[in-house]
Amino acid sequence: MSTPTASRLHRPTLVIGIGLFAIAAITWHDAANMKIRASYGMGADAASYFISIFLGLLGLGHLISAFRRQTDPEPSDWKAVLWVSLGLLSLIAALWFDLGFVLGSTLLFCFTARAFGRKALLADIVLGFVIATGIFLLFNKVLTLGLPMGPFERLF
Amino acid sequence: MESLIYLMQGFGTALDPANLMFAAVGVILGTAVGVLPGIGPALTVALLLPVTFKLDPGGSLIMFAGIYYGGMYGGSTTAILLNTPGESASVVTALEGNQMARRGRGGPALATAAIGSFVAALIATAGLAFFAPLLVKVAVKFGPWDYFGLMLIAFVTVSATFGSSPLRGLTSLGIGLWLGLIGIDQLTGQTRLSFGVPNLLDGIEVTTLAVGLFAIGEALFVASRHLFNDEKPMAIKGSIWMSREDWKRSWKPWLRGTAVGFPIGALPAGGAEIPTFMSYTMERKLSSKPEEFGKGAIEGVAGPEAANNASAAGTLVPLLTLGLPTSATAAVMLAGFQQYNLQPGPLLFVQHPALVWGLVASLFIANVMLLVLNLPLVGLWVRLLKIPLPWLYAGILVFACMGTIAANPSVIELMMLVGFGFLGFVMRRYDYPIAPVVVGLILGPMADSQLRRALQMSLGDPMILLQHPGSAIMIAIASIALLAPFFFRGLSKFRQDED
């Protein structure tokens, strides 16, 4: 995986440093393209330039500390992270395609439960469905907040 | 004197039966959510904000106060029974509290935390009622340059006191400041970093950021770690009441904790972390039984828990009088006030005295309510801790997403929430503090506009910041606080190299 030269370099710190440089560059570019100028004093672009420089310095700090000894993060269960991400994506997709809050939340609920090691998918779907419907009824009917509606929600 | 009359009127409003019910609901909801592992007060307030949207401003503020104190109390319960502090300020409570619970003294630990929090919050809220009007008198004389100096101090203390290294804290702050740039600039109408996305024109919602970083980020992080660590809540054995000796050993730490917590919270000195640690060290030195520390000394719960609550009430002083949030919880609370169209600051006291003093009165009432409800209900909170993790986090995620789309019904907002969730996960994994991001998002644009207002008044001469003694002193303090850790670390590194 890692070559002997790369092992001395703490890769996550390096990546974060490069990311900070990228954000700094985008911010600088955005500030340079601002049209509205202040008549005197500081314009809206000044803060952008300042923060861009600040982020650049932080990026530099990360590059330097990438060469120092860093503690590695504790091991992670990436499969679990993937399951949670899948749940969040299902909710986004459900709202994107107007399928409603209840369907999206049910999927989010059972995928997250799966991430934490539950295998009883059917039970979790039922439980998630009941919770999502309960939240929907409470917020849409009692507190009159507008949660996104799909075919199922329009039945009420 | 005038403020006392307003406070009495505030009590009049808050003691109305309907409002008492709002306070009770707030306290119960706040505790129930705050007690869930991994959820601190900031997240509790952010998650429950949508619940208060549709109530009238008076009622929702009262419920809000209940949620705030309830969340604080719930956090300490989790720390004691589960050894998973929901926020950095309860880390110290977990040290001794969990040891007490392991030795079958969970009941007295919870009781001393609850009563200590009550005493501390009572004194600190009285301090708030006393000092806020005085500070308002000073604050109305503040120019934009003074505000700018204050915000610089807040930036430095918030990012330097949280987290494992100044570089990480400052990076978190930088991310928050950068997020604060996004949207239409209030002074000129110039859009910054909106990339043509209409949802970004109004800027990033503080609640979306806080819920994403805290709730989604935490859920992702716990999911990634659940195979490797398994904490079971401690059962409460024996009496939940404190013995005579417990009382004797608790009351002084409560008062000392309050004395440490309130001033540090009230100064923009970076949240409740420092006072809780200070109180812990102090109690250890002063204790008649120092050998019990590390094995469940009641002073080690009583003192820090009081310090935590006193400093939380202390942060309300700069928040209400200056509009300056100095902790993640205060930042979320500021967002809450703005949701009710209230802008904290000296003008709030002049324009809406009834509301401000109503809030202070509700804080008192929520505090009493908390003590009355929570000790008898402790069995219920313990049962909440026993919800299996898969369902617990699945429920938290559903509720967190629901709150965000209920407040801003759009898929883009949900995508931002999820994006912030992953940001929070990465930050947690690599040990970056979360709170500076939230504080940076709120204070960044404020500092920007104060600085520009100052420069407009001086016709563009930056020396105005140094010509006014107030801002000059504050800028000096901020620079020293910023550079000192690097300097000292440089020194110690130098010594290490010599060895």
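Including glycine, each Cβ sits where the backbone N, Cα and C put it.
These features come from TrEMBL:
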DOMAIN    B:20-438  domain 'DUF112'
TRANSMEM  B:20-53  transmembrane segment
TRANSMEM  B:109-135  transmembrane segment
TRANSMEM  B:147-163  transmembrane segment
TRANSMEM  B:170-189  transmembrane segment
TRANSMEM  B:209-228  transmembrane segment
TRANSMEM  B:316-335  transmembrane segment
TRANSMEM  B:355-375  transmembrane segment
TRANSMEM  B:387-405  transmembrane segment
TRANSMEM  B:411-427  transmembrane segment
TRANSMEM  B:434-451  transmembrane segment
TRANSMEM  B:471-488  transmembrane segment
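Panel annotation: around the transmembrane segment (B:209-228), residues 38-40, 42-43, 46-47, 179, 328, 331-332, 335, 389, 393, 396-397, 400, 403-404, 416-425, 427-429, 434, 437-438, 441 of the same chain, lying at least six beyond its termini, place a Cβ under 8 Å from a Cβ of the stretch. Counting Cβ pairs under 8 Å that are 6 or more residues apart, the transmembrane segment (B:316-335) and the transmembrane segment (B:411-427) reach fewer than 3 and are not in contact. Of the ranges B:20-53, B:109-135, B:170-189, B:355-375, B:434-451, the one with the most Cβ pairs under 8 Å to the transmembrane segment (B:387-405) is B:20-53. Among the recorded stretches B:20-53, B:109-135, B:147-163, B:170-189, B:434-451, the one sharing the largest number of Cβ pairs closer than 8 Å with the transmembrane segment (B:355-375) is B:109-135. Taken together, the residues of the domain 'DUF112' (B:20-438) have an average pLDDT of 83. Touching of the transmembrane segment (B:170-189) and the transmembrane segment (B:434-451) is concluded from the presence of at least three CB pairs under 8 A, sequence neighbours closer than 6 excluded.
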